[in-house]
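Chemist: Sharing a structure, written as structure tokens. Questions coming.
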Amino acid sequence: MRDLMAPRYWRSLVHLAWMCLFSSVPHGGAKVLERTFEEWMRYRDECLRRMASEPYPAGLFCNRTFDMYACWPDGSPGTAVNVSCPFYLPWFEKVKHGLVSRRCGVDGQWVTVNGSQPWRDYSQCEEEMESTMEEEGARRLMVSFKVLYTVGYSLSLLTLVSALLVLTVFRKLHCTRNYIHANLFASFGLRATSVMVKDALLERRWGMEVVQVADWQALLSHEAALGCRAAQVLMQYCILANHYWFLVEAVYLYKLLIGAVFSEKNYYRLYLYLGWGTPVVFVVPWMAAKYLKENAECWALNENMAYWWIIRIPILLASLINLLIFMRILKVILAKLRANQKGYADYKLRLAKATLTLIPLFGIHEVVFIFATDEQTTGILRYVKVFFTLFLNSFQGFLVAVLYCFANKEVKSEMKKKWQLWKLDHPALCCTQ
């Protein structure tokens, strides 16, 4: 059975599918692998039926066989047997006129390599070298992207957990504003966790040794993908939660700037419903559509984009509302700075600082990329979009935690006070001049 994995195209398909799912980039590699295996099963069954129905020749001959790659008829001793390239190859249209050959020895036995592996010449059935090199280049690029976002999510998760501990431990930091920040940090942390868990499950799944047909069936079964699908659902939920906690941040800050009088306790309950409850409204229908209509692989592929719009529309809506609030906040800040400015340079610097602070907080960069959909981008433009999307998404949690916790004057002041108190309580452990 080991010969099933001998041709290079099996390894190429596994690598392509593996990177497709790891990078979360719609590429179709895993779907190609699944369809190829289904076609291989059909080719094998047709071959076995044909071998069982045809009569055997008289005299010495090499027995008809299916060697896991092609279907071979009976061969005459001392001759080469040629058959058409198998139709299950993904690139069959390019090699449909090609032939694969085996040699029948004078002793009536098929020629083998190393005494066990069947010898065959399938050079006419291989994919073109240019296509293979292009796929290898794409695979290496996806590996680089995976390293990039793994570092980003890991750094973000570490920073976010630290920020959550700071906001939780220091009681003087307990207020509605910081509660909102903590929920935003939590949504980013869950998102990073779901991505890394999904990657670990996929690495374990696609890294398994495949030597028999049963291994392929197990690899491509729905049961094998359950854990990955659960991580995919959690990831989509967290992405939506990110956007709606961004929206909560925007609404809260806008109310503070315009001086609105409101009950923070009552509004905080509404903020919780908006941030954590709204994503459920859209993720549940998306799960149902995937399960009923596209229940394949890790639910990462989108053959029918109508189902993907169940997730995309609320993200687009939240991003557009954030953009409008962002512009309104800038207008309010501009008016306040003009009324209190001491100098043009100082005014310009403060406005730039406020703008740069608000951009990562509200996720306005999402608006730029949300219109450049995967269906509309190809070639270099697609890779540029993938790079910036993965880079910003993976490092955004780190940036938000730093800006709104560790760089916050209130937090730094409280941490400094705690440090001074700790030094007073533990003088023996502190260095003295």
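Note that Cβ sites are derived from N, Cα and C of the backbone, with glycine treated the same way.
Quick paste from TrEMBL:
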type	residues	note
SIGNAL	1-30	signal peptide
DOMAIN	46-129	domain 'G-protein coupled receptors family 2 profile 1'
DOMAIN	145-408	domain 'G-protein coupled receptors family 2 profile 2'
TRANSMEM	147-167	transmembrane segment
TRANSMEM	244-263	transmembrane segment
TRANSMEM	270-289	transmembrane segment
TRANSMEM	309-330	transmembrane segment
TRANSMEM	351-372	transmembrane segment
TRANSMEM	384-407	transmembrane segment
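In the displayed structure, how are the listed features positioned relative to their neighbours?
Modeler: In the predicted structure, the domain 'G-protein coupled receptors family 2 profile 1' (46-129) carries a mean pLDDT of 88.
Through the fold, the transmembrane segment (270-289) approaches residues 180, 183-184, 187, 233, 236-238, 240-241, 244-245, 247-248, 251-252, 307, 310-311, 313-314 of its own chain, all at least 6 residues removed from its boundaries and within a Cβ separation under 8 Å.
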Chemist: Summarise the domain 'G-protein coupled receptors family 2 profile 1' (46-129) as counts of helix, strand and coil residues per DSSP.
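Modeler: Summed by class, the stretch gives 16 helix, 24 strand, 44 coil.
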